[in-house]
């Protein structure tokens with residue numbers, strides 16, 4: 001092919017123009033004469049009258065919950081490549097902020113994340129994967145800002161109530177221990193700490209938290225509140241001077257680019273501390289592009305944080321693929337660098353926390369928006385977006401209709417900015433597949449005639465970044481392996497003496513916490529997987545009454561699931577294995593499938609749901625606590641059978657809905673139990 005440059009790229013080279021004199025070989029291609037007939041607007045970028053608000057950075061959330069669960073299982077080099085796309089400066093998303101869940105043992109959207117203190121006298125700062133993720137982010141960007149926020153809390157904090165504010169000092173102690181543990185065990189400095197995600201705040205608790213932070217020498221840790229709506233936190237700050245003094249940032253979720261009067265009057269930094277939450281298609285990318293600009297223009301928000309960082313959880317869980325990129329196949333190594341990565345780069349690669357917005361930002365006459373930021377040292381970055389309504393709808397809130405049309409936009413630099421003579425140009429086109437182009441560097445734009453003016457031809461669903469910085473880069477790696485379904489023959493004996501992570505690969509805990517465990521006296525089952533909660537957490541979502549961890553392929557139909565099980569609780573204890581489990585995450589209480597239970601009282605049950613409301617079969621089983629048993633569950637078509645220690649216990653049980661789903665293990669209640677030698681043979 002004589003010219004391999006993408007057609008869209010060729011077209012865009014003709015979209016940037018300047019009337020400035022200069023080397024003809026280095027200016028952008030002039031516009032066609034017919035383009036002069038397109039309506040246009042004039043916009044001034046000026047720092048003469050001072051600057052706007054300080055920019056605090058763009059980031060993403062890991063957790064809320066278990067959204068990075070599968071990432072840790074990826075083999076190298078693919079795991080490191082994914083992390084580079086997220087965190088490496090001037091490579092991909094180049095995020096400024098990483099916000100993580102402070103695991104509290106409860107279901108928090110797509111799974112549970114373990115607490116550092118399951119019980120009052122228990123402390124372990126190596127559970128889960130958020131510590132690891134923060135360290136990996138810091139390796140790539142030592143300046144990345146770290147935030148922690150609880151969604152759920154371990155049950156012991158509630159003293160019998162599902163409420164974290166029963167003992168304010170105890171809850172503050174619990175959170176501060178997490179911050180201290182991050183530093184002591186992982187050399188991680190937490191910069192911001194939150195209160196309780198999307199749940200009520202207690203003003204006295206916030207004051208107590210500040211007091212305890214200061215007592216522990218953590219004056220540098222700032223408090224963000226309340227990670228919910230703008231109200232009532234904003235009015236509370238205005239009415240309570242002591243509370244106003246201890247809150248550094250008002251963080252709102254899914255604000256729709258707008259704030260409220262009380263928040264503005266507070267004088268506090270305003271953040272969209274959780275936003276996006278949209279499938280990472282080009283529509284999701286359009287959503288992300290629009291709110292990155294307009295959260296500041298419309299709402300004075302100086303930071304926007306996406307939920308979630310990377311879609312590393314089974315896609316059929318709630319909000320599948322709602323990360324900046326997708327990495328949900330550690331068994332194959334396949335991942336997808338989705339378009340929100342490159343939308344992020346338009347801002348993150350050319351700004352830093354501590355820069356300032358210009359006062360002269362706003363909306364374009366024919367739809368779209370522009371912001372400009374400076375470091376005060378002569379550098380300038382301008383980000384322009386023209387996202388159409390159709391291609392930028394976020395999952396929430398409702399987006400009123402608006403129109404974007406073809407237009408010319410003339411920008412004039414004034415004040416100290418007029419000294420700028422050249423701008424690097426980066427371009428993205430979203431919208432239809434035939435037009436898409438992600439983060440393409442165009443020709444340098446020269447401003448040599450002293451006017452400080454340039455004109456852009458803008459169409460729908462475009463992003464331009466014009467910047468004095470020359471460090472931008474579209475990083476890349478060779479294509480990852482092809483996508484493959486979860487292996488249909490899978491087994492895990494949990495024989496890991498020194499596990500790198502507390503959880504077994506690919507198991508996704510949906511209620512309860514399942515961790516590697518070592519028996520000191522049982523040689524045959526020395527290394528096992530153990531459900532470690534004996535008390536219901538202070539929940540954020542509707543956790544099930546039974547604990548459960550799912551694994552495999554949601555499309556599995558026929559399967560044989562086998563596992564050695566050990567009930568630790570006499571008389572009332574029970575465990576199960578299951579197949580065709582159809583739901584998880586915040587919907588786990590209503591999960592259906594085929595559940596094969598045995599109980600320490602010498603009985604068994606086969607149910608159609610996790611809650612045990614529909615019973616297929618039941619009867620006597622030679623089972624007691626404190627002994628190992630091998631359970632086998634077979635499902636084929638409309639029939640199922642169950643075996644205990646290799647002997648048929650029940651058979652020819654007719655099963656109906658659902659027709660497919662994951663395999664699973666779990667316990668009857670929040671109780672200790674162990675699992676070993678798990679295996680599944682399945683078919684899609």
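If you go along the chain as it appears here, the first residue is 1 and each next one adds 1.
Just so you know, glycine gets a Cβ as well, placed from its N, Cα and C.
Under the heading signal peptide, Swiss-Prot lists 1-42, citing similarity to another entry as support.
DSSP classifies residue 151 (substrate binding site) as coil under the three-state reduction. According to Swiss-Prot, the substrate binding site annotation covers 109, 151, 197, 396.
Secondary structure at residue 198 (active site, proton donor/acceptor), as computed by DSSP, is coil. Taken from Swiss-Prot, the feature active site, proton donor/acceptor applies to 198.
In the three-state DSSP reading, residue 274 (active site, nucleophile) counts as strand. Look at Swiss-Prot and you will find 274 tagged as active site, nucleophile.
On its own chain, residue 394 (disulfide bond) has 254, 275, 276, 277, 278, 284, 287, 291 as residues at least 6 apart in sequence with a Cβ closer than 8 Å to its own Cβ. For 287-394, the entry in Swiss-Prot reads disulfide bond.
The annotation N-linked glycosylation site is assigned in Swiss-Prot to 300 (among others). Within the same chain, residues at least six positions away from residue 300 (N-linked glycosylation site) with a Cβ under 8 Å of its Cβ are 53, 259, 264, 270.
Secondary structure from DSSP puts residue 379 (N-linked glycosylation site) in coil. Residues or ranges marked as N-linked glycosylation site by Swiss-Prot on the basis of experimental evidence: 379 (among others).
Remark: residue 403 (N-linked glycosylation site) has 366, 367, 389 as non-local neighbours, by Cβ distance under 8 Å and separation of at least 6 in sequence. Secondary structure at residue 403 (N-linked glycosylation site), taken from DSSP and collapsed to helix, strand or coil, is coil. The N-linked glycosylation site annotation in Swiss-Prot covers 403 (among others) and rests on experimental evidence.
Feature annotation from Swiss-Prot assigns N-linked glycosylation site to 558 (among others); the stated evidence is experimental evidence. Counted within 10 Å of its Cβ, the other Cβ atoms near residue 558 (N-linked glycosylation site) come to 16, all protein chains included. Residue 558 (N-linked glycosylation site) falls within neither a helix nor a strand when secondary structure is assigned with DSSP, and so counts as coil.
Secondary structure at residue 601 (N-linked glycosylation site), taken from DSSP and collapsed to helix, strand or coil, is coil. Around the Cβ of residue 601 (N-linked glycosylation site), the same chain contributes 571, 572, each under 8 angstroms and 6 or more positions distant in sequence. Residues or ranges marked as N-linked glycosylation site in Swiss-Prot: 601 (among others).
Listed in sequence order, 629, 630 are the same-chain residues at least 6 apart in sequence whose CB falls under 8 Å from the CB of residue 645 (N-linked glycosylation site). Positions annotated as N-linked glycosylation site by Swiss-Prot: 645 (among others).
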Per the record, substrate is bound by 109, 151, 197, 396: how many Å separate the farthest pair of Cα atoms?
20
What is the separation, in Å, between the Cα atoms of residue 274 (active site, nucleophile) and residue 197 (substrate binding site)?
10
Should any of the binding-site residues 109, 151, 396 have a Cα within 10 Å of the Cα of residue 198 (active site, proton donor/acceptor), which are they?
151
Roughly how many Å lie between the Cα atoms of residue 379 (N-linked glycosylation site) and residue 151 (substrate binding site), rounded to a whole value?
39
Under 8 Å Cβ to Cβ from residue 151 (substrate binding site), same chain, six or more residues apart: give me those in sequence order, or none if nothing qualifies.
63, 64, 65, 101, 102, 104, 106, 108, 113, 196, 197, 540
Taking the Cβ of residue 109 (substrate binding site) as the centre, how many other Cβ atoms fall within a 10 Å radius?
24
Sparsest-packed of the listed active-site residues (198, 274) - C-beta count within 10 angstroms:
198
